[in-house]
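Written below as structure tokens is the structure these notes are about.
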């Protein structure tokens, strides 16, 4: 056993000596005694070798013990004999099966597949795909080189400023600085890895057991440090992105929800799927902005750092900047090719988001209107509509796949061809012994980093196209939402648009800033220093409207409308179906955006746009599920009113349920139309608003219940609440109103209709209606008399 251990030690020392002496980084020569000796220092690998001699020593003699392993070949870095090396002919035969069998088969199969696979696509290629979006109604995604670089960066900065000027003024900037520091530490660790790479690969040419153990120790320290930075980079990144997305989502909610009806009426045909833009596009914008921004930062740092290092280790036979220039030219050629081939990818990405949102909204509409689908037996028609929506998704997806296939061919060729190009440039210097294996690996690593930096557009072209579509959708949505807010602020303050634009957005951002900023911090650290938008108190004056009302198409609906709603009185608007009663109500309430005022006052002064108005539409709706307590208190919180008051009011309007106030129900489906309208009246009694607008809100009730609800509302009117309602039959509700208007419709000679709002007195209207009824009776008697005469004449002739 001891002999075996001794033999193992001898073998270990012998192999170690062989590996040390066979390293080509050392020079071996023969001294005056004819014995092998090692040179004192390492030879420079980029020096020229003419023959294998030591420092002035004579050539090695065959009698040297380790000559075979040390000097295996003149310039051969392998310990194999030249006869055992694979020749070019053997290399050719090694791939003969692939070259002459599988490669031709793959080429033929690809050609046949390209020729016939589109016949199975089942896609209507003639289906038009609209690319319009934004306020202008015809804006297209700018997929030019400038659109994917400078303009994209400009719009992205505008959207990012929303966060970093608001709630991200402290938290966001601190997280961002921390992430930049972590990334710089990561870059430093990459430098250490770059230097470690040379020492690691030189170990194969200079074997040493102590050096091996030191390299392993350093490897563990290096990679444990990289692991720590990697974990906390992603953890801090997730915290930062969540805070950013939270504030950005709240911002878009703040500019969209308060004026949803206006946006739908004015921009409904242009701004598709606002829910998708707020939910999906904001999340994509945050993550993609972060990844692309830090990708550009890392690209620039790698470019500067590795360019300097590559120029310092370039073989002396080459110009120091030649390898950097080759990488730049190759990447520029690839970027130009990719952009020319994939310029339409941004359009397809934008269309994919729009078509997908349209399909989801159509599915949601079918679900919400399932009763109508079942009543009309319209399932086949709904299936056709859904299939038409999905056909657009299929067509856009096929066009995207065809374009991505062409891009994939170039991208899959780009990286391997780059590796072969760099190998062809560096391999001769290694084969001739000019550079060591460690230096060669350093050059390859530096070239890869530099080429990746130059190839940022090639590697991220698909991501940039998707990001461009996301930025355009959010930017257009934000512009459309702010346009209405800015116009209202201009009218209120009398400012020009250029000065008001920034103030309006700053006010919105400042209102949301306390979500991420302590309220007592100074402005330097993010404290609020600008005027915050606030809802004004309820107006003490009457509401009035003096304007011309237009349709969304731009046609005039009603000219010179004059109406006033005093507090403490009831006003009624009468008219036939489709005359425009609901439109006038919305205009007075400040909800109808297509109004041209003639009295010189702005929205806030002459309408209830920001007043304490409770508007009950013909078909009200509430979020679900919610308890009865939440439903009767909405939009206030559930604890805004006392339980005793809620129960008393529900009893007065005739709404009492066995489950109780806190049982969750779907009020939109559980309550009937009449019960829902009684629930709205109950809220009015609890909230006591300044004005109540009823848009035929009692139509689903019986006459007795309708009169009972108006009696309850009349108590509020006596206490100073203004009431404006519409109805077909004013005689039934005459006791609850003091002023009456009627919409008169006249047909003109050109076939158009002229509508006008005319005040009237009930007594005069009643006499006029009675005379009209008498005249109609006289005409009916005269018509019957003529029929009798004609019948007698025909009887005589028969």
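Heads up, residue numbers simply count up from 1 along the chain you see.
Glycine residues also receive a Cβ, built from the backbone N, Cα and C atoms like all the rest.
When TrEMBL is compared with the stretches 420-440, 441-461, 462-482, 483-503, the one noted as transmembrane segment is 420-440. From the options 323-342, 343-362, 363-382, the stretch TrEMBL describes as transmembrane segment is 323-342.
Among the ranges 155-174, 175-194, 195-214, 215-234, the stretch that TrEMBL annotates as transmembrane segment is 175-194.
Counting residues 6+ beyond its ends, the transmembrane segment (290-311) has Cβ neighbours under 8 Å at 179-180, 183, 187, 191, 194, 237, 240-241, 244, 320-321, 323-324, 442-443, 446-447, 449-450, 452-454, 456, 460, 463-464, 467 in the same chain.
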